[in-house]
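A.B. asks: Provided herewith is a single structure, encoded as C-alpha coordinates, for subsequent inquiry.
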Ligand SMILES: Cc1ncc(C[n+]2csc(CCOP(=O)(O)OP(=O)(O)O)c2C)c(N)n1
Ligand SMILES: [Mg+2]
(Lines of atoms letter the chains of each structure in order from A and count residues from 1; the text may use other names and numbers.)
(Lines give C-alpha, C1' and ligand atoms only; values in the text may rest on other atoms or scores of the structure.)
(Ligands and ions follow the chains in the order given, each with its own letter.)
Protein backbone atom coordinates (compact mmCIF):
# COMPACT_ATOMS: atom_id res chain seq x y z
CA UNK A 1 0.00 0.00 0.00
CA UNK A 2 1.35 3.45 -0.89
CA UNK A 3 1.81 5.68 2.14
CA UNK A 4 0.14 9.03 1.39
CA UNK A 5 -0.22 12.64 2.54
CA UNK A 6 -3.62 11.73 4.02
CA UNK A 7 -2.06 8.85 5.93
CA UNK A 8 0.64 11.17 7.26
CA UNK A 9 -1.97 13.62 8.55
CA UNK A 10 -4.07 10.83 10.06
CA UNK A 11 -1.11 9.20 11.75
CA UNK A 12 -0.02 12.50 13.28
CA UNK A 13 -3.58 12.95 14.64
CA UNK A 14 -3.48 9.46 16.14
CA UNK A 15 -0.01 10.13 17.58
CA UNK A 16 -1.24 13.20 19.48
CA UNK A 17 -3.92 11.11 21.14
CA UNK A 18 -6.98 11.48 18.91
CA UNK A 19 -9.12 8.38 18.72
CA UNK A 20 -11.76 10.14 16.62
CA UNK A 21 -12.07 12.93 14.10
CA UNK A 22 -15.27 14.70 13.06
CA UNK A 23 -16.27 15.08 9.43
CA UNK A 24 -18.80 16.19 6.87
CA UNK A 25 -18.14 14.83 3.39
CA UNK A 26 -17.82 16.93 0.23
CA UNK A 27 -16.14 16.38 -3.12
CA UNK A 28 -13.02 18.36 -2.18
CA UNK A 29 -12.34 16.08 0.83
CA UNK A 30 -13.64 12.63 -0.19
CA UNK A 31 -10.24 11.18 -1.10
CA UNK A 32 -8.77 12.59 2.10
CA UNK A 33 -11.57 10.97 4.11
CA UNK A 34 -10.70 7.63 2.41
CA UNK A 35 -7.09 8.00 3.53
CA UNK A 36 -8.07 8.88 7.10
CA UNK A 37 -10.34 5.82 7.28
CA UNK A 38 -7.24 3.67 6.76
CA UNK A 39 -5.54 4.86 9.97
CA UNK A 40 -5.72 2.28 12.77
CA UNK A 41 -7.38 3.53 15.93
CA UNK A 42 -8.74 6.73 14.34
CA UNK A 43 -12.52 6.63 14.01
CA UNK A 44 -14.40 8.91 11.60
CA UNK A 45 -17.43 10.49 13.25
CA UNK A 46 -19.99 12.30 11.13
CA UNK A 47 -21.93 15.46 11.87
CA UNK A 48 -25.10 16.98 10.37
CA UNK A 49 -23.42 20.22 9.29
CA UNK A 50 -20.06 21.93 9.47
CA UNK A 51 -20.89 24.42 12.21
CA UNK A 52 -21.81 21.46 14.38
CA UNK A 53 -18.74 19.59 13.16
CA UNK A 54 -16.53 22.42 14.39
CA UNK A 55 -18.30 22.61 17.74
CA UNK A 56 -18.25 18.81 18.12
CA UNK A 57 -14.48 18.94 17.71
CA UNK A 58 -14.37 21.82 20.20
CA UNK A 59 -16.25 19.69 22.75
CA UNK A 60 -14.01 16.70 22.05
CA UNK A 61 -10.94 18.88 22.66
CA UNK A 62 -12.37 19.81 26.06
CA UNK A 63 -12.58 16.13 26.99
CA UNK A 64 -9.49 14.93 25.22
CA UNK A 65 -6.99 17.82 24.94
CA UNK A 66 -7.13 18.25 21.16
CA UNK A 67 -9.44 17.48 18.21
CA UNK A 68 -9.81 17.55 14.44
CA UNK A 69 -12.65 18.42 12.06
CA UNK A 70 -12.59 17.66 8.33
CA UNK A 71 -14.80 19.68 5.98
CA UNK A 72 -15.13 20.63 2.35
CA UNK A 73 -14.09 23.89 0.73
CA UNK A 74 -15.92 27.16 1.49
CA UNK A 75 -19.52 25.95 1.80
CA UNK A 76 -18.32 23.71 4.62
CA UNK A 77 -15.24 25.47 5.94
CA UNK A 78 -16.79 28.93 6.25
CA UNK A 79 -19.45 27.46 8.57
CA UNK A 80 -16.85 25.54 10.56
CA UNK A 81 -14.72 28.67 10.95
CA UNK A 82 -17.31 30.13 13.33
CA UNK A 83 -16.62 27.23 15.70
CA UNK A 84 -12.89 27.70 15.10
CA UNK A 85 -13.24 31.30 16.28
CA UNK A 86 -14.84 29.75 19.35
CA UNK A 87 -11.95 27.35 19.83
CA UNK A 88 -9.55 30.31 19.64
CA UNK A 89 -11.57 32.22 22.21
CA UNK A 90 -11.79 29.16 24.47
CA UNK A 91 -8.12 28.11 24.11
CA UNK A 92 -8.70 24.71 22.53
CA UNK A 93 -6.38 23.14 19.93
CA UNK A 94 -8.86 22.11 17.24
CA UNK A 95 -7.31 21.29 13.87
CA UNK A 96 -9.63 22.33 11.05
CA UNK A 97 -8.85 20.42 7.86
CA UNK A 98 -10.45 21.54 4.63
CA UNK A 99 -10.38 19.92 1.24
CA UNK A 100 -9.36 22.47 -1.41
CA UNK A 101 -9.31 22.91 -5.21
CA UNK A 102 -7.06 20.67 -7.34
CA UNK A 103 -3.46 21.91 -7.28
CA UNK A 104 -3.55 22.44 -11.08
CA UNK A 105 -6.37 24.94 -10.71
CA UNK A 106 -4.55 27.30 -8.35
CA UNK A 107 -3.41 30.29 -10.43
CA UNK A 108 -5.06 28.89 -13.58
CA UNK A 109 -7.84 31.43 -13.91
CA UNK A 110 -10.45 28.66 -13.56
CA UNK A 111 -13.69 29.41 -11.78
CA UNK A 112 -14.67 26.47 -9.54
CA UNK A 113 -17.81 25.34 -7.74
CA UNK A 114 -18.11 26.05 -4.01
CA UNK A 115 -16.06 29.22 -4.43
CA UNK A 116 -17.20 32.84 -4.51
CA UNK A 117 -16.91 32.62 -8.30
CA UNK A 118 -13.54 34.26 -8.79
CA UNK A 119 -10.36 32.35 -9.75
CA UNK A 120 -8.59 33.35 -6.53
CA UNK A 121 -9.28 30.67 -3.89
CA UNK A 122 -7.01 32.25 -1.28
CA UNK A 123 -9.77 33.98 0.69
CA UNK A 124 -10.47 30.96 2.88
CA UNK A 125 -6.83 30.69 3.95
CA UNK A 126 -6.80 34.45 4.65
CA UNK A 127 -9.88 34.21 6.87
CA UNK A 128 -8.48 31.13 8.61
CA UNK A 129 -5.23 33.01 9.35
CA UNK A 130 -7.16 35.49 11.46
CA UNK A 131 -8.92 32.78 13.46
CA UNK A 132 -6.10 30.29 14.08
CA UNK A 133 -2.52 30.28 15.37
CA UNK A 134 -1.22 28.55 12.21
CA UNK A 135 -2.84 28.23 8.79
CA UNK A 136 -1.27 26.31 5.91
CA UNK A 137 -2.22 25.40 2.34
CA UNK A 138 -0.86 22.15 0.93
CA UNK A 139 -0.62 22.04 -2.86
CA UNK A 140 2.31 19.62 -3.17
CA UNK A 141 3.08 16.33 -1.43
CA UNK A 142 6.69 17.36 -0.85
CA UNK A 143 5.66 20.26 1.41
CA UNK A 144 3.01 18.31 3.28
CA UNK A 145 5.01 16.87 6.24
CA UNK A 146 6.58 20.16 7.26
CA UNK A 147 3.33 22.13 6.87
CA UNK A 148 1.20 19.55 8.70
CA UNK A 149 3.75 19.36 11.52
CA UNK A 150 3.96 23.15 11.80
CA UNK A 151 0.19 23.50 12.10
CA UNK A 152 -0.28 20.72 14.67
CA UNK A 153 2.80 21.65 16.72
CA UNK A 154 1.72 25.31 16.93
CA UNK A 155 -1.85 24.40 17.92
CA UNK A 156 -0.68 22.10 20.71
CA UNK A 157 1.84 24.60 22.00
CA UNK A 158 -0.46 27.63 21.89
CA UNK A 159 -3.66 25.73 22.81
CA UNK A 160 -5.34 27.45 19.88
CA UNK A 161 -6.91 26.10 16.68
CA UNK A 162 -4.93 25.55 13.47
CA UNK A 163 -6.00 25.26 9.85
CA UNK A 164 -4.78 22.89 7.15
CA UNK A 165 -6.18 22.95 3.62
CA UNK A 166 -5.17 20.18 1.24
CA UNK A 167 -5.68 20.31 -2.52
CA UNK A 168 -8.05 17.46 -3.36
CA UNK A 169 -5.56 15.71 -5.67
CA UNK A 170 -2.70 15.81 -3.11
CA UNK A 171 -4.06 13.74 -0.21
CA UNK A 172 -3.53 10.46 -2.08
CA UNK A 173 0.00 11.36 -3.24
CA UNK A 174 2.98 9.37 -1.86
CA UNK A 175 4.56 10.75 1.30
CA UNK A 176 7.13 9.53 3.86
CA UNK A 177 5.86 8.25 7.22
CA UNK A 178 5.99 10.65 10.19
CA UNK A 179 8.78 10.34 12.76
CA UNK A 180 8.29 10.18 16.54
CA UNK A 181 5.57 12.40 18.00
CA UNK A 182 8.16 14.21 20.14
CA UNK A 183 9.08 16.31 17.10
CA UNK A 184 5.74 18.09 17.26
CA UNK A 185 5.46 18.25 21.04
CA UNK A 186 8.61 20.26 21.67
CA UNK A 187 8.40 23.62 23.38
CA UNK A 188 11.02 26.21 24.37
CA UNK A 189 11.83 25.92 28.11
CA UNK A 190 11.43 28.89 30.48
CA UNK A 191 14.34 31.32 30.39
CA UNK A 192 16.05 30.60 33.75
CA UNK A 193 17.07 34.20 34.49
CA UNK A 194 13.65 35.64 33.71
CA UNK A 195 12.06 32.84 35.68
CA UNK A 196 14.05 33.71 38.78
CA UNK A 197 13.21 37.41 38.48
CA UNK A 198 9.50 36.67 38.01
CA UNK A 199 9.43 34.38 41.05
CA UNK A 200 11.33 37.01 43.12
CA UNK A 201 8.77 39.62 42.21
CA UNK A 202 5.80 37.40 43.04
CA UNK A 203 7.38 36.30 46.33
CA UNK A 204 7.89 39.99 47.24
CA UNK A 205 4.31 40.76 46.24
CA UNK A 206 3.03 38.05 48.58
CA UNK A 207 5.44 38.93 51.41
CA UNK A 208 4.23 42.54 51.35
CA UNK A 209 0.60 41.52 51.87
CA UNK A 210 -1.28 40.32 54.93
CA UNK A 211 -4.58 39.37 53.29
CA UNK A 212 -4.05 37.92 49.82
CA UNK A 213 -6.63 35.93 47.85
CA UNK A 214 -6.20 33.74 44.81
CA UNK A 215 -8.41 34.07 41.73
CA UNK A 216 -8.48 31.21 39.22
CA UNK A 217 -9.33 32.03 35.61
CA UNK A 218 -10.46 30.06 32.60
CA UNK A 219 -7.11 29.55 30.89
CA UNK A 220 -5.82 27.37 33.74
CA UNK A 221 -6.66 24.09 32.01
CA UNK A 222 -5.02 25.20 28.75
CA UNK A 223 -1.96 26.16 30.81
CA UNK A 224 -1.87 22.61 32.19
CA UNK A 225 -1.72 24.01 35.73
CA UNK A 226 -4.83 22.76 37.53
CA UNK A 227 -2.87 20.52 39.91
CA UNK A 228 -0.14 23.10 40.35
CA UNK A 229 -2.79 25.67 41.36
CA UNK A 230 -3.99 23.36 44.16
CA UNK A 231 -0.47 23.00 45.46
CA UNK A 232 0.06 26.77 45.30
CA UNK A 233 -3.18 27.27 47.25
CA UNK A 234 -1.97 24.78 49.86
CA UNK A 235 1.34 26.60 50.14
CA UNK A 236 -0.32 30.00 50.48
CA UNK A 237 -3.20 29.04 52.75
CA UNK A 238 -5.44 31.89 51.56
CA UNK A 239 -8.95 31.93 50.10
CA UNK A 240 -9.31 30.70 46.52
CA UNK A 241 -12.13 31.82 44.26
CA UNK A 242 -12.78 30.83 40.66
CA UNK A 243 -14.01 33.10 37.90
CA UNK A 244 -17.34 32.07 36.36
CA UNK A 245 -15.77 30.68 33.19
CA UNK A 246 -13.35 28.66 35.34
CA UNK A 247 -16.05 26.84 37.33
CA UNK A 248 -14.69 23.36 38.23
CA UNK A 249 -11.08 24.29 37.44
CA UNK A 250 -10.35 24.25 41.19
CA UNK A 251 -11.85 21.57 43.48
CA UNK A 252 -14.90 22.91 45.26
CA UNK A 253 -14.39 20.66 48.27
CA UNK A 254 -10.95 22.18 48.90
CA UNK A 255 -10.90 23.81 52.37
CA UNK A 256 -9.78 27.17 50.93
CA UNK A 257 -12.45 27.34 48.23
CA UNK A 258 -14.88 30.25 48.58
CA UNK A 259 -16.91 29.90 45.39
CA UNK A 260 -17.25 32.06 42.31
CA UNK A 261 -15.97 35.63 42.30
CA UNK A 262 -18.18 37.45 39.81
CA UNK A 263 -18.73 40.97 41.16
CA UNK A 264 -22.17 41.37 42.65
CA UNK A 265 -23.32 37.96 41.40
CA UNK A 266 -20.54 36.17 43.32
CA UNK A 267 -21.14 33.17 45.59
CA UNK A 268 -22.24 34.25 49.10
CA UNK A 269 -19.27 35.77 50.94
CA UNK A 270 -16.87 35.66 47.98
CA UNK A 271 -17.19 39.31 47.01
CA UNK A 272 -16.96 40.54 50.62
CA UNK A 273 -13.73 38.62 51.18
CA UNK A 274 -12.39 39.81 47.85
CA UNK A 275 -13.08 43.44 48.69
CA UNK A 276 -11.46 42.99 52.12
CA UNK A 277 -8.28 41.44 50.66
CA UNK A 278 -5.12 43.52 50.17
CA UNK A 279 -3.75 41.53 47.24
CA UNK A 280 -5.13 39.37 44.45
CA UNK A 281 -3.07 36.68 42.79
CA UNK A 282 -4.81 36.18 39.43
CA UNK A 283 -4.06 32.89 37.68
CA UNK A 284 -4.84 32.88 33.95
CA UNK A 285 -7.84 35.22 34.12
CA UNK A 286 -9.87 36.53 31.21
CA UNK A 287 -11.30 39.94 32.05
CA UNK A 288 -14.02 40.83 29.60
CA UNK A 289 -17.32 42.71 29.91
CA UNK A 290 -19.17 39.57 31.00
CA UNK A 291 -16.61 38.32 33.52
CA UNK A 292 -16.26 41.79 35.06
CA UNK A 293 -20.06 42.21 35.21
CA UNK A 294 -20.10 45.15 32.79
CA UNK A 295 -16.68 46.40 34.04
CA UNK A 296 -17.96 46.78 37.62
CA UNK A 297 -15.71 44.05 39.06
CA UNK A 298 -12.34 44.27 37.35
CA UNK A 299 -9.35 43.46 39.58
CA UNK A 300 -6.47 45.70 38.52
CA UNK A 301 -3.91 48.11 39.96
CA UNK A 302 -1.01 47.72 42.39
CA UNK A 303 -2.68 45.07 44.51
CA UNK A 304 -3.14 42.69 41.62
CA UNK A 305 -0.48 40.23 40.41
CA UNK A 306 -1.06 38.48 37.12
CA UNK A 307 0.15 34.95 36.56
CA UNK A 308 -0.68 34.09 32.98
CA UNK A 309 0.34 31.15 30.82
CA UNK A 310 3.58 32.73 29.62
CA UNK A 311 3.37 36.15 31.18
CA UNK A 312 3.83 37.41 34.73
CA UNK A 313 3.09 40.96 35.90
CA UNK A 314 3.58 42.17 39.49
CA UNK A 315 5.01 45.16 41.30
CA UNK A 316 4.93 47.26 38.12
CA UNK A 317 7.17 44.77 36.29
CA UNK A 318 6.34 42.28 33.54
CA UNK A 319 8.04 39.04 32.52
CA UNK A 320 7.60 36.96 29.37
CA UNK A 321 9.14 33.75 28.12
CA UNK A 322 8.39 31.74 31.24
CA UNK A 323 5.98 28.85 31.71
CA UNK A 324 3.34 29.23 34.35
CA UNK A 325 4.01 25.73 35.70
CA UNK A 326 7.68 26.64 36.29
CA UNK A 327 6.68 29.89 37.97
CA UNK A 328 4.20 28.13 40.25
CA UNK A 329 6.70 25.42 41.18
CA UNK A 330 9.34 28.05 41.97
CA UNK A 331 6.92 30.08 44.02
CA UNK A 332 5.81 27.04 46.02
CA UNK A 333 9.49 26.42 46.79
CA UNK A 334 9.85 29.98 48.15
CA UNK A 335 6.74 29.66 50.31
CA UNK A 336 7.89 26.42 51.92
CA UNK A 337 8.46 26.78 55.65
CA UNK A 338 6.87 30.24 55.76
CA UNK A 339 3.81 31.00 57.90
CA UNK A 340 0.55 30.57 55.98
CA UNK A 341 -1.08 33.71 54.57
CA UNK A 342 -4.46 32.53 55.81
CA UNK A 343 -6.09 35.77 57.04
CA UNK A 344 -8.68 35.76 54.25
CA UNK A 345 -9.55 32.14 54.95
CA UNK A 346 -10.01 32.80 58.68
CA UNK A 347 -12.20 35.80 57.89
CA UNK A 348 -14.17 33.93 55.22
CA UNK A 349 -15.04 31.18 57.70
CA UNK A 350 -16.40 33.85 60.06
CA UNK A 351 -18.63 35.56 57.51
CA UNK A 352 -19.69 32.55 55.50
CA UNK A 353 -23.33 31.72 56.01
CA UNK A 354 -24.21 28.08 56.28
CA UNK A 355 -25.82 26.76 53.12
CA UNK A 356 -29.53 26.48 53.71
CA UNK A 357 -30.71 23.08 52.46
CA UNK A 358 -32.83 23.46 49.33
CA UNK A 359 -36.27 22.09 50.08
CA UNK A 360 -38.00 19.92 47.50
CA UNK A 361 -41.04 21.55 45.91
CA UNK A 362 -44.53 20.04 46.05
CA UNK A 363 -44.17 17.27 43.45
CA UNK A 364 -47.53 18.13 41.88
CA UNK A 365 -46.98 21.90 41.69
CA UNK A 366 -46.03 23.44 38.33
CA UNK A 367 -42.29 23.06 37.76
CA UNK A 368 -40.16 26.04 38.75
CA UNK A 369 -36.52 26.82 38.03
CA UNK A 370 -35.36 26.26 41.60
CA UNK A 371 -36.87 22.76 41.71
CA UNK A 372 -35.39 21.94 38.30
CA UNK A 373 -31.93 23.03 39.49
CA UNK A 374 -32.33 21.06 42.73
CA UNK A 375 -33.07 17.87 40.84
CA UNK A 376 -30.15 18.35 38.44
CA UNK A 377 -27.85 18.98 41.41
CA UNK A 378 -28.90 15.60 42.74
CA UNK A 379 -27.49 13.91 39.65
CA UNK A 380 -23.96 15.26 40.02
CA UNK A 381 -21.30 12.66 40.77
CA UNK A 382 -17.52 12.81 40.69
CA UNK A 383 -17.57 11.48 37.12
CA UNK A 384 -20.17 13.96 35.85
CA UNK A 385 -19.51 16.67 33.28
CA UNK A 386 -22.12 19.38 32.95
CA UNK A 387 -22.15 21.28 29.69
CA UNK A 388 -24.00 24.55 30.23
CA UNK A 389 -25.24 26.72 27.39
CA UNK A 390 -25.27 30.51 27.26
CA UNK A 391 -28.44 31.75 28.98
CA UNK A 392 -29.82 31.20 32.47
CA UNK A 393 -28.13 27.77 32.36
CA UNK A 394 -24.88 29.63 33.16
CA UNK A 395 -26.34 31.03 36.36
CA UNK A 396 -28.06 27.79 37.34
CA UNK A 397 -24.82 25.88 36.98
CA UNK A 398 -22.85 28.53 38.84
CA UNK A 399 -24.93 27.82 41.96
CA UNK A 400 -24.31 24.08 41.83
CA UNK A 401 -22.00 22.39 44.31
CA UNK A 402 -19.56 20.10 42.55
CA UNK A 403 -18.22 16.89 44.06
CA UNK A 404 -14.47 16.46 43.47
CA UNK A 405 -13.88 15.36 39.90
CA UNK A 406 -17.10 16.81 38.49
CA UNK A 407 -16.50 19.14 35.56
CA UNK A 408 -18.39 22.07 34.12
CA UNK A 409 -17.92 23.16 30.52
CA UNK A 410 -18.88 26.71 29.52
CA UNK A 411 -18.27 28.76 26.40
CA UNK A 412 -18.30 32.18 28.04
CA UNK A 413 -15.79 33.99 25.85
CA UNK A 414 -17.29 33.06 22.45
CA UNK A 415 -20.87 32.65 23.70
CA UNK A 416 -22.38 31.14 20.54
CA UNK A 417 -25.85 29.93 21.47
CA UNK A 418 -26.38 26.39 20.23
CA UNK A 419 -22.73 25.54 20.93
CA UNK A 420 -23.67 23.09 23.65
CA UNK A 421 -25.58 20.55 21.52
CA UNK A 422 -22.65 19.62 19.24
CA UNK A 423 -20.10 20.31 22.00
CA UNK A 424 -21.95 17.81 24.21
CA UNK A 425 -21.91 15.32 21.36
CA UNK A 426 -18.17 15.79 20.85
CA UNK A 427 -17.50 15.66 24.59
CA UNK A 428 -19.47 12.42 24.89
CA UNK A 429 -17.50 10.89 22.02
CA UNK A 430 -14.26 11.91 23.77
CA UNK A 431 -15.25 10.87 27.31
CA UNK A 432 -17.66 7.93 27.05
CA UNK A 433 -16.85 6.87 30.61
CA UNK A 434 -18.34 10.03 32.15
CA UNK A 435 -21.93 10.91 33.01
CA UNK A 436 -22.69 13.75 30.64
CA UNK A 437 -25.41 16.25 31.37
CA UNK A 438 -26.29 19.22 29.18
CA UNK A 439 -28.37 22.23 30.22
CA UNK A 440 -29.70 24.08 27.22
CA UNK A 441 -32.22 26.87 26.77
CA UNK A 442 -34.98 26.45 24.19
CA UNK A 443 -33.69 29.36 22.10
CA UNK A 444 -30.16 27.99 21.96
CA UNK A 445 -31.33 24.47 21.17
CA UNK A 446 -33.11 25.64 18.03
CA UNK A 447 -29.78 26.57 16.39
CA UNK A 448 -28.13 23.14 16.44
CA UNK A 449 -30.82 20.66 17.51
CA UNK A 450 -30.13 18.17 14.72
CA UNK A 451 -26.85 17.05 16.32
CA UNK A 452 -28.92 15.12 18.89
CA UNK A 453 -29.44 12.70 15.99
CA UNK A 454 -25.71 11.89 16.08
CA UNK A 455 -25.97 11.10 19.80
CA UNK A 456 -28.75 8.68 18.86
CA UNK A 457 -26.60 7.23 16.06
CA UNK A 458 -23.63 6.56 18.36
CA UNK A 459 -25.89 5.44 21.26
CA UNK A 460 -24.45 8.04 23.65
CA UNK A 461 -26.32 8.07 26.99
CA UNK A 462 -26.26 11.86 27.37
CA UNK A 463 -28.93 13.54 29.50
CA UNK A 464 -30.19 16.83 28.03
CA UNK A 465 -32.19 19.24 30.17
CA UNK A 466 -33.97 21.45 27.68
CA UNK A 467 -35.25 24.50 29.53
CA UNK A 468 -38.45 25.59 27.82
CA UNK A 469 -39.14 29.11 29.06
CA UNK A 470 -40.61 30.16 25.72
CA UNK A 471 -37.87 32.52 24.68
CA UNK A 472 -34.52 34.23 25.05
CA UNK A 473 -34.85 34.94 28.79
CA UNK A 474 -31.23 36.11 29.20
CA UNK A 475 -31.91 38.72 26.54
CA UNK A 476 -35.24 39.62 28.12
CA UNK A 477 -33.19 40.65 31.18
CA UNK A 478 -30.62 42.60 29.15
CA UNK A 479 -32.99 44.31 26.70
CA UNK A 480 -36.49 43.05 25.91
CA UNK A 481 -38.53 43.23 22.72
CA UNK A 482 -40.56 41.01 20.39
CA UNK A 483 -37.35 39.49 19.04
CA UNK A 484 -36.92 37.59 22.31
CA UNK A 485 -40.04 35.46 21.71
CA UNK A 486 -39.53 32.23 19.80
CA UNK A 487 -41.73 29.65 18.09
CA UNK A 488 -42.48 26.84 20.51
CA UNK A 489 -41.45 23.31 19.47
CA UNK A 490 -42.45 19.88 20.69
CA UNK A 491 -38.90 19.33 21.98
CA UNK A 492 -39.56 15.99 23.65
CA UNK A 493 -41.38 14.84 20.52
CA UNK A 494 -38.25 15.50 18.43
CA UNK A 495 -36.67 12.38 19.86
CA UNK A 496 -38.95 10.06 17.91
CA UNK A 497 -38.03 12.00 14.75
CA UNK A 498 -34.32 11.48 15.45
CA UNK A 499 -34.81 7.83 16.44
CA UNK A 500 -36.53 6.98 13.15
CA UNK A 501 -36.45 3.19 12.70
CA UNK A 502 -33.37 2.28 14.73
CA UNK A 503 -32.66 4.80 17.49
CA UNK A 504 -33.06 4.46 21.26
CA UNK A 505 -33.22 8.10 22.34
CA UNK A 506 -35.96 9.07 24.78
CA UNK A 507 -37.89 12.30 25.14
CA UNK A 508 -39.93 13.46 28.15
CA UNK A 509 -41.82 16.62 28.98
CA UNK A 510 -41.79 17.66 32.64
CA UNK A 511 -44.31 20.22 33.89
CA UNK A 512 -44.12 19.25 37.59
CA UNK A 513 -41.40 18.13 39.98
CA UNK A 514 -42.82 14.60 39.99
CA UNK A 515 -42.73 14.37 36.18
CA UNK A 516 -39.14 15.58 36.17
CA UNK A 517 -38.13 13.03 38.77
CA UNK A 518 -39.69 10.21 36.76
CA UNK A 519 -38.00 11.42 33.58
CA UNK A 520 -34.61 11.56 35.32
CA UNK A 521 -35.00 7.98 36.55
CA UNK A 522 -35.76 6.85 32.98
CA UNK A 523 -32.80 8.87 31.66
CA UNK A 524 -30.36 7.28 34.09
CA UNK A 525 -31.64 3.85 33.10
CA UNK A 526 -31.31 4.54 29.36
CA UNK A 527 -27.81 3.38 28.33
CA UNK A 528 -28.70 2.99 24.65
CA UNK A 529 -29.01 6.64 23.65
CA UNK A 530 -29.61 10.22 24.75
CA UNK A 531 -32.55 11.32 26.86
CA UNK A 532 -34.00 14.76 26.39
CA UNK A 533 -36.03 16.13 29.29
CA UNK A 534 -38.01 19.21 28.35
CA UNK A 535 -38.43 21.24 31.55
CA UNK A 536 -41.35 23.59 31.16
CA UNK A 537 -41.04 26.72 33.32
CA UNK A 538 -42.44 30.25 33.22
CA UNK A 539 -40.88 32.84 30.86
CA UNK A 540 -39.84 35.07 33.77
CA UNK A 541 -38.70 32.30 36.12
CA UNK A 542 -34.95 32.82 36.18
CA UNK A 543 -32.14 33.23 38.71
CA UNK A 544 -31.88 36.59 40.44
CA UNK A 545 -28.20 36.57 39.43
CA UNK A 546 -29.18 36.67 35.77
CA UNK A 547 -31.29 39.76 36.44
CA UNK A 548 -28.54 41.60 38.37
CA UNK A 549 -25.84 40.64 35.88
CA UNK A 550 -28.08 41.43 32.89
CA UNK A 551 -28.70 44.94 34.20
CA UNK A 552 -24.98 45.62 34.62
CA UNK A 553 -24.15 44.31 31.15
CA UNK A 554 -27.01 46.35 29.66
CA UNK A 555 -25.62 49.47 31.33
CA UNK A 556 -22.16 48.78 29.87
CA UNK A 557 -23.70 48.24 26.42
CA UNK A 558 -25.66 51.49 26.69
CA UNK A 559 -22.70 53.79 27.45
CA UNK A 560 -23.09 56.82 25.18
CA UNK A 561 -20.29 57.55 22.69
CA UNK A 562 -17.43 59.43 24.39
CA UNK A 563 -17.10 63.10 23.40
CA UNK A 564 -14.22 63.61 20.97
C1 LIG B 1 -25.05 32.61 17.51
C2 LIG B 1 -25.66 33.56 18.47
N3 LIG B 1 -26.72 34.30 18.08
C4 LIG B 1 -27.29 35.17 18.96
C5 LIG B 1 -26.81 35.31 20.23
C6 LIG B 1 -27.45 36.26 21.21
N7 LIG B 1 -28.06 35.56 22.33
C8 LIG B 1 -27.42 35.41 23.50
S9 LIG B 1 -28.31 34.57 24.62
C10 LIG B 1 -29.59 34.38 23.56
C11 LIG B 1 -30.84 33.70 23.99
C12 LIG B 1 -30.68 32.38 24.67
O13 LIG B 1 -31.97 31.89 24.95
P14 LIG B 1 -32.19 30.48 25.59
O15 LIG B 1 -31.26 29.52 25.03
O16 LIG B 1 -33.63 30.14 25.49
O17 LIG B 1 -31.74 30.70 27.10
P18 LIG B 1 -32.55 31.33 28.35
O19 LIG B 1 -31.88 32.64 28.66
O20 LIG B 1 -33.96 31.47 27.97
O21 LIG B 1 -32.29 30.37 29.47
C22 LIG B 1 -29.31 35.00 22.34
C23 LIG B 1 -30.24 35.04 21.20
C24 LIG B 1 -25.69 34.52 20.58
N25 LIG B 1 -25.13 34.59 21.78
N26 LIG B 1 -25.17 33.65 19.69
MG1 LIG C 1 -35.17 30.21 26.82
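Using N, Cα and C of the backbone, Cβ positions are placed for all residues, glycine too.
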A.B. asks: Determine which of 442, 490 appears in TrEMBL for the same Mg(2+) site as 469, 471.
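C.D. replies: Among 442, 490, only 442 appears alongside 469, 471 as Mg(2+)-binding in TrEMBL.
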A.B. asks: DSSP on the domain 'Thiamine pyrophosphate enzyme TPP-binding' (410-535): how many residues come out helix, how many strand, how many coil?
C.D. replies: 55 helix, 26 strand, 45 coil
A.B. asks: So for residue 469 (Mg(2+) binding site), how many other CB atoms are inside 10 Å of its CB?
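C.D. replies: There are 23 such Cβ atoms around residue 469 (Mg(2+) binding site).
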